[in-house]
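**Q** Handing you this structure, nothing more for now.
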């Protein structure tokens, strides 16, 4: 009982995930093939790598919608640095530093101006996206081709396995463990929850708000850089549009995973399960031949249904009291 009370939403998501796979398996038996399930994660798991630190940002009461542009900027930066003759062993750490710098720019602007994080990161979304396009143009990269010619050892990395699992999935699982420990087993994680519940109380309690926010946005930038590196390795080319479609799926996964969009509550494990739920929904719909427009609409409908259902569950006592009052008024009338 205590387990369900503590992880009730996560268990619900896990049950929905199993049910989803079984239902799609009735239409296409390939959906029940364990190898298909494992290796199809490479198509969407990078969204999850970014969604994990984004969960902590949202729990703190903030938001970052610039990570898609950060991915594109880091990807094209990696390609340009490689083109310049820098070894991959140096280019990859430099790319991670660029991602961290993007996150710190977001945090610095939010702390310095006091403007809503949504507005700040909307601005940096265009700043980083425009910078990626500018670098892409200067490097001579064209359209969908991007910058290629990477070493085989690098392009094979994201397509290899470790203990029978795809490398991107292994990295995602390690990130889940890392962020779960950080959020639920450290003082920094408790600070994130307290800041999200009331930034004013957190300020009066002398919590390190500035340091915590810098850490959160920097981690989102680093995760974006890691996602960019994996995507470049997976596709074999560096393009400025690699993260363009990540925004809505990542935010959907965070909200679906149980995070309060206004801050104060959230779950790393819930986000991880929601990433798989949304990812396999898209994969399953593609396998049964559903057009992309319909699959996107169904994903949005799923989010709305789950959010409404969760809201009803959280406020069921208030709803019950309201119904009781209505019955009492009708009886007295």
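Just so it is clear, glycine is given a Cβ too, placed from its N, Cα and C backbone atoms.
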**Q** Which stretch does Swiss-Prot mark as transmembrane segment, out of 141-161, 162-182?
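**A** So the range that Swiss-Prot calls transmembrane segment is 162-182.
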**Q** Do any residues of this chain, six or more beyond the ends of the transmembrane segment (240-260), have a C-beta under 8 angstroms from a C-beta of it, and if so which?
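**A** Result: 9-10, 13, 44, 46-48, 50-51, 54-55, 58-59, 65, 67-73, 75-76, 129, 132-133, 135-136, 141, 146, 196, 224, 227-228, 231-232, 266-267, 269-275, 277-279, 299-300, 302-303, 306-307, 310.
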**Q** In the same chain, who gets a Cβ under 8 Å from the transmembrane segment (90-110) while lying at least 6 residues past its ends?
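**A** Residues 62, 64, 66, 70, 73-74, 77-78, 81-82, 117, 120-121, 123-124, 128, 213-214, 216-226, 228-229 contact the transmembrane segment (90-110) from elsewhere in the chain.
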**Q** So, does the transmembrane segment (288-308) come close enough to the transmembrane segment (45-65) to give 3+ Cβ pairs below 8 Å, pairs being at least 6 apart in sequence?
**A** no
**Q** Could you name the stretch, out of 118-138, 212-232, 261-281, with the greatest number of CB pairs under 8 A to the transmembrane segment (7-27)?
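**A** Result: 261-281.
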